[in-house]
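Report on one structure; see the data block that follows.
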């Protein structure tokens, strides 16, 4: 059966997400994918520079020392930290851990994830700088 009646479609502006702080933060969090793509491309270029010898690597290091690139990389770091924070806050909601017939709160899980992140960062920096 077909109908000639046109269904009602509620109008939606392109700025619908700007009305509530929750949606603005959601769009900001999803926007952290763009700096992640930048870092991935930069890392791939660094690997190719490393493969192509000392001259290519020196050129890549010079590229990284450009003030504009340093600012972009700081923005990328901030975006990665924001993304990490939101994922760590989401993790306890996905894992129901029960201790002595009570559900564990989110704080120990979040603190554990940050502790693992800090330890892994220190180990990687130690190996990279002193090994």
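Cβ coordinates are placed from backbone N, Cα and C, and glycine is handled just like the others.
Listed features, source Swiss-Prot:
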type	residues	note
TRANSMEM	30-50	transmembrane segment
TRANSMEM	63-83	transmembrane segment
TRANSMEM	109-129	transmembrane segment
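Sequence-remote contacts of a segment are chain residues at least 6 beyond its ends whose Cβ falls under 8 Å from one of its Cβ atoms, and for the transmembrane segment (109-129) they are 84, 88-89, 91-92, 95, 97. Outside the transmembrane segment (30-50) by six or more residues, the chain places 56-57, 59-60, 72-73, 75-76, 79-80, 82-83 with a CB less than 8 A from a CB of the stretch.
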